[in-house]
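These notes are about the structure you will find just below.
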Amino acid sequence: MKVCIIALQRSLNCFKLACFRLRCFVGGAVGGAVGWLLASGLVFRSVIACFLPPGFDEAYYFLYAQHLDWSYFDHPLAVAFSTGMGLWLTGIVSPFTLRLGALGLFTASLWLLYRTGCWLFGDRAGWLSAVVASLSPLFLLTFGTLSAPDNALIFCWTLTLYLGAREFFPDYEGPYKPTSRIAWLGLTVGLACLSKYHGVLLGLGLVGFCGFSRWRALRSRWMLLSVFLFGLCWVPILYWNAQHDWISFRFQLGDRFALASGASVFSALTEYSLTNLLGVSLAEIGFLFPTIGLPLWWVTLTAFRTTQRQRAQVQFVLWTGLPTALGFTLIGGLTHIYPAWPAPGLWCLTLLLGQAAMRWPKPRVRRWLQGTGLLVGTLLLFALTHITLGTLQKPGQYALFGGFVAPQQDPSTALIDVMALRRQLSELEAFGEAIATTDFVLTHEFWLSGYVAMALPPLVDLPVSAFTEDPRGHAFWFSPPDWIGKNALFLSLADFDQSVVVDEIFPYFQSVTLIDTVDIKRGNAVTETFYLYRAHRMIKPYPYPY
């Protein structure tokens, strides 16, 4: 724990130094500052990546890396590679190695954003855009720290922006002439779709921009090659879905937006709520951070009054960012959305904020960025110390002022410390005896299986699945009939009624008996309890819903 505290203190000092150095860089030579910005941001995010327990989705994506396929139930294939990158390179399963791909891709994305801003609006605008994107919690966590499909998506998205800026705004005078970059744009948009289906919106935005401002690109001979490369990227997605009754498309376009009444989102327009829209908008500004979110939306909404000299550049940014940012925000008035959904569009719009800030007084910009950096850095590190040490937990060994919230009411305890679970399992004699006669490991939630799978290596190498009505990828990775006559180790959380979860799997085994319990502690207080059961001889296959 002392090492953890020292690392967090050093990271905070590093981040404060980064904010102080903005005084020197914000109006001066920005070229050398970019490398320092990327490096300091990488250090800060690496500390978070090292100590923050994996989230539900991250643990689930760990299973993607273990079951490589052409595509998946929830997302296309890129997330399997961005998640598995660090695991395969190091051979170590930990929260940090799980996030190595996110750390590297975001650093590259920031550099591409900087270069795009430089090309469109000038060096200082590019620099300010990169600084803003580095400071926003929504971007540095969603894109830059946590393992998710958004890691590869934002890299491909920003690469598309950069290529588009170079293509549509060349460094020569005269009429626009399409070049081979049109073909490369088809490839990068296709790769964005291989990361997340959001990539389709990027492609539509580019087509819209070309239709209004660069129509020659749509009639270019390079467009045929662009369409071919784009379609080629869709082959893995279409191939997998064709084999599985188009389940991913049905989930993303219909089932995912099912309302409590059973009606789909597309048939419930009369239920649109302005109150929900306001709540989503305020939450979005909060995730961006108010000192970034408010000026970003103000600059975006006033961008239509741009002078003629840079009107085309502003339109390019608006076409590639605003449909995604505004579209998903408006959907928030109809159904629940995740903060990551509008984030790629908001990422694009930081270019407009950088352009606007370039014209603001330098002392004002300096105070704005320094204040934002100090607040964001301090709040994130304080939150990290609580999540890892329980500084607000009551009771807790590291609690401040005796603590304030009990573990049972603390939502941060939902993040399971897989390293602690691994240690506890390795020290549990009953686990060692049970695993020797176990053929596969089982849980009752698709995300819980991800946590368990991360905790098992290098102790055992067994398949980990989930028997649940919402199995996601588990319904395709394994065939339950293959396990007839075999034994399972079943793990459940104390958060669930044990009699209920046991009754749900009992019909599929000859017997289910409790082996032992495992307590996960934070600050010397129990925050989570695992129940371990022996499920003896599977007698019939579990019927997955799809």
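Residue numbering: from 1, along the chain as shown.
The backbone N, Cα and C atoms fix where each Cβ goes, glycine too.
Please treat TrEMBL annotations as automatic predictions, because they have not gone through curation.
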Matching range for TrEMBL feature annotation, transmembrane segment, among 96-114, 153-171: 96-114
From 247-269, 316-338, 431-453, the residue range that TrEMBL assigns the feature transmembrane segment: 316-338
Annotated transmembrane segment segment (source TrEMBL; candidates 126-145, 346-365): 126-145
Top partner of the transmembrane segment (285-304) among 126-145, 222-242, 316-338, 373-392 - counted as Cβ pairs under 8 Å: 126-145
Contact between the transmembrane segment (181-210) and the transmembrane segment (373-392) (3 or more Cβ pairs under 8 Å, separation 6+): no
Tertiary contacts of the transmembrane segment (316-338) (same chain, 6+ residues out, Cβ under 8 Å): 120, 160-161, 164-165, 168-169, 198, 201-202, 204-206, 208-209, 212-213, 257, 259, 265, 268-269, 271-274, 276-277, 279-281, 284, 300, 303, 344-349, 351-352
